[in-house]
Amino acid sequence: MVSRVIPVDRFDLVIFGGTGDLARRKILPGLYRRFCAGQMPDGARIIGAARSDLDRGAFQDMVRDAITEFGTGAPCEGATLDDFLETLDYMRVDARGEDGWDALKDMLRDDSDVVRAFYFSVGPGLFGDIAARLQSHGLATEDSRVVVEKPFGRDLGSARALNADLAQHFREDQIYRIDHYLGKETVQNLMAVRFGNVLFEPLWNAQFVDHIQITVAETVSVEGRGAYYDKSGAMRDMVQNHLMQLLCLIAMEPPSRFDPDAVRDEKLKVIRALAPVEPHHIVRGQYEAGGGVASYRDHAENPKSFTESFIALRCHIENWRWAGVPFYLRTGKRMKARMSEITVVFKPTRHSIFDIGEGEDVHSNMLHIRLQPNEGMTLDVTIKEPGPGGMRLVTVPLDMTFSEALGPEAEDVPDAYERLIMDVIRGNQTLFMRGDEVEAAWAWTDPIIAGWEARADVPKPYEPGSSGPEDALMLMHRDGRRWREIKA
Ligand code: NAP
């Protein structure tokens, strides 16, 4: 395979919150990896901005340390790292004060060929302040782009307020709302597989699909961010954004073109077609103590917390394509393994001409789309068991992990943040959430949360290292189905 790293345009990227955890862990090491890959053009400039009193050298040292700690996999070191650090600068600004803004403006190049982007890697409470000062101090140009991080609100009202704040200063085509799940290679491959082949799309509907499962299981606890997490919970932290985005891509109609609005229009239709979820189709859980790790309530420092660290639910999309097809979603912390996977379970053949004997491991076709670990796809197909013994059948995975076909370069793919930041510079919004999408997702989520709050629903305890509460298994068993095993 020929490498197709195409350098992006020259840019000035200001990272507000350039000293923060996200910048050190993801954004700056990601930019460094793109630099190593040859994708950053000469003349790329990255400016950290925060309240900390740093000069350029101290910021460069901080970034060097961050890359050493978090930049694993970067294919270059030494002199190249020094070259990368040369692209950096730093300006002290307070989002809520006026100091530093004019000096920051002076650092930016007044050249219409240089892309100007502002990454808001700060809490959402500062989005409005920063947007307003970018305008009042004349830093924002007609074509500047702004990148905003999750969480984008905690309900419909706050999301609308954030959208309104940003809309006062920027057009929608300037705003890039990040959901890093959309930057994952396999997620984009899902679209390529669905819409680039004749094989799948004719089967991708209620006539042939029995149900769809989406699992995002994490092994980590909420330790260290328990107080923050306790105000949100799995529904707000994971389902409203990441799982919802995956649901949209798996369920949407083919867009007429692969362009930002065509794709996002189709995703929006999916969210708007989601039926309200019945209370008995929701299972919430909280991990207990175990394996030397404290319980959720201890981590949250709230012995009476009713916030869920796990959720499983069954939902329905009320449209022609998906009528009657359940979508099962589950996500949780402190689970058995780290695994993000979508599985499309097809219906059995209409009529079996084979006598399936006892002990024959045969099931209907399933397409597994794995986001992590080991991004890739497998399709379970039924074949004849090789060898003597008559016509015995077995269902085996047809591995569609692409590295063998495409060579080692297929494994050297940019991580989600790298890809998304490069898309910002390219001006491609396809993999970013539009304001109306985010609001529609909250409009579906809010009544579900209000429902369990009104019922004073108590989450079910579950053992750490498990697949979640027993009731989550029952959610499927009642329907005569079962979850995919959670395994790394
Ligand atoms: P963080 O570690 O607390 O960093 C916050 C940054 O904002 C720091 O650089 C801080 O620097 C700066 N800041 C705070 N108040 C400021 C002000 N008044 N003016 C200017 N700068 C200010 O937070 P984070 O974890 O990096 O998260 C940043 C955003 O990304 C949040 O919205 C978070 O929800 C989101 N996010 C984070 C992660 C993650 O893995 N960390 C993942 C997904 C989303 P000074 O104190 O020097 O000003």
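Positions of Cβ are set from backbone N, Cα and C atoms, glycine also.
Summarising the annotation, TrEMBL assigns domain 'Glucose-6-phosphate dehydrogenase NAD-binding' to 14-189.
The Cβ neighbour count for Arg51 (NADP(+) binding site), using a 10 Å radius and every protein chain shown, is 15. Taken from TrEMBL, the feature NADP(+) binding site applies to Gly17, Gly18, Thr19, Gly20, Asp21, Leu22, Ala23, Arg24, Arg51, Lys150.
Close to Asp237 (substrate binding site) in the fold, though at least 6 residues off in sequence, lie Pro151, Tyr229, each with a CB less than 8 Å from its CB. Annotated substrate binding site per TrEMBL: His180, Lys184, Glu218, Asp237, Lys333, in sequence order.
The domain 'Glucose-6-phosphate dehydrogenase C-terminal' feature in TrEMBL is assigned to 191-484. The average pLDDT for the domain 'Glucose-6-phosphate dehydrogenase C-terminal' (191-484) in the predicted structure is 94.
Other C-beta atoms found within 10 angstroms of the C-beta of His242 (active site, proton acceptor) number 20, with every protein chain shown included. According to TrEMBL, the feature active site, proton acceptor maps to His242.
Neighbour density at the Cβ, taken as the number of other Cβ atoms within 10 Å, is lowest among the binding-site residues Lys184, Lys333 for Lys184. With respect to ligand 1, the recorded positions Arg51, His242, Lys333 contribute Arg51 as residues with a C-beta closer than 6 angstroms to one of its atoms, given in sequence order. On its own chain, Thr19 (NADP(+) binding site) has Gly48, Ala50, Ser52, Leu54, Phe59, Met62 as residues at least 6 apart in sequence with a Cβ closer than 8 Å to its own Cβ. Spatially, by CA atoms, the recorded positions His180, Lys184, Glu218, His242, Lys333 include one closest to Arg51 (NADP(+) binding site), and that is His180. For the pair formed by Asp21 (NADP(+) binding site) and His180 (substrate binding site), distance between Cα atoms is given as 16 Å, rounded to the nearest Å.
For Glu218 (substrate binding site) paired with His242 (active site, proton acceptor), the C-alpha to C-alpha distance reads 13 Å.
Of all the recorded positions in the list Gly17, Ala23, His242, the shortest Cα-Cα distance to His180 (substrate binding site) is found for His242. A separation of roughly 11 Å, to the nearest angstrom, links the Cα atoms of His242 (active site, proton acceptor) and Lys184 (substrate binding site).
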